[in-house]
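Pulled from TrEMBL, these are the features on record:
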TRANSMEM  12-36  transmembrane segment
TRANSMEM  48-71  transmembrane segment
TRANSMEM  91-112  transmembrane segment
TRANSMEM  149-172  transmembrane segment
TRANSMEM  184-206  transmembrane segment
TRANSMEM  218-239  transmembrane segment
TRANSMEM  259-278  transmembrane segment
TRANSMEM  290-309  transmembrane segment
Amino acid sequence: MDVTMTYATQDYWTWWIAVYLYLGGLGAATLTVTFLTDLYLKRHPCLVMWGAISGVVMLGLGSAMLFFHLLDHVAVFSVINPLVLFRKPDAWIAWGTQFIIWMMWWGVLYALPYMARSEAFLRLPLVGALLRLRWIAALARCCERYHKVVGWLATINGIGTAVYTGLLLQSFPAVALWHNPGVPLLFTVSAFSTAMAYLLLVLHVVVRREEDHGLRVFYERIDLMLIAAELVILFSFFHYMRAGSESLYRSFELLWNDWGWLVGFIGFGLLVPFALELKGVLRGWGSRMPIVTASVLVLVGGYLLRHYFLAAGVYARPW
């Protein structure tokens with residue numbers, strides 16, 4: 001039986017969802033990297049508080065973008081219930097929602113002991129009053145006693161959230177560009193690269209402690225490797241898309257003929273930061289500005305990846 005196929009560029013998942021995927025991956029990876037750093041590299045209360053607060057805010061803002069984009073806002077109550085994983089275990093958005101919710105809870109609990117001893121937080125009008133409550137103080141002591149357990153619970157949910165941002169797209173078989181195993185890998189690598197870039201900004205611009213030099217260099221090296229991995233994955237995507245199905249080839253034409261993708265994302269979002277960080281790792285820089293510039297470019301590039309990836313999604317429909 002002959003079947004005629006039509007192809008149409010999807011126009012429903014726009015920048016709203018791109019922001020959700022971007023902030024979800026960035027926030028989760030930021031929390032994960034921050035906590036693993038504090039647990040195994042260097043005890044750093046200041047970095048933990050910055051990472052925890054900003055990570056939770058990113059996850060909250062990203063989730064809000066998805067909520068406002070929903071047609072049925074009441075449906076959100078069905079996915080925030082943990083029992084949804086038993087009723088609908090194949091729904092990735094349900095898994096992602098649970099990962100995000102628990103990531104935020106464990107993230108706050110991990111940072112709570114540091115916040116309870118921070119003069120800056122204790123001076124805040126409402127926050128300081130809450131931190132002085134007897135049961136909050138007891139909870140902070142409990143979290144400190146089991147800090148490693150709380151940290152790993154946060155880390156597991158953080159990694160799950162970062163991977164989920166790619167699995168959500170992979171679950172759409174009608175869009176060939178999204179429906180392949182490379183998407184979760186690409187989005188996860190990008191999430192941790194942008195997290196490294198964000199934390200480098202925090203260490204270079206906000207914290208700025210001389211004793212953190214070794215940590216900054218370590219983050220630069222990790223981000224350099226993540227950018228290299230991202231470039232290798234994109235190289236594989238290029239050849240996979242060029243020789244793929246008709247739907248995939250149409251996505252290929254949309255992506256690889258777009259100057260925003262080529263110059264904005266690959267050029268300024270990957271290649272320029274890679275060159276700046278490579279120079280910093282090999283010979284160092286006389287000031288912090290090149291690494292700050294590279295970090296900002298990586299953060300912008302992380303959003304552009306998701307923006308153009310969604311915009312290039314092509315549906316294949318038989319009729």
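Start at 1 and count along the chain as shown; that gives each residue its number.
Cβ from N, Cα, C; glycine included.
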Out of 48-71, 91-112, 259-278, what stretch is closest in contact terms to the transmembrane segment (290-309), meaning most Cβ pairs under 8 angstroms?
259-278
Tertiary contacts of the transmembrane segment (218-239), as residues 6+ beyond its ends and Cβ separation under 8 Å:
41, 182, 185-186, 189-190, 192-193, 196-197, 199-200, 203, 252, 256, 266, 270-271, 273-274, 277-278, 280-281, 291, 298
Contact set, same chain, for the transmembrane segment (48-71): CB under 8 Å, 6 or more residues outside the stretch:
16-17, 19-24, 26-28, 30-31, 33-35, 38, 97, 100, 103-104, 107-108, 110-111, 114-115, 118, 121, 161, 198-199, 202, 206-207
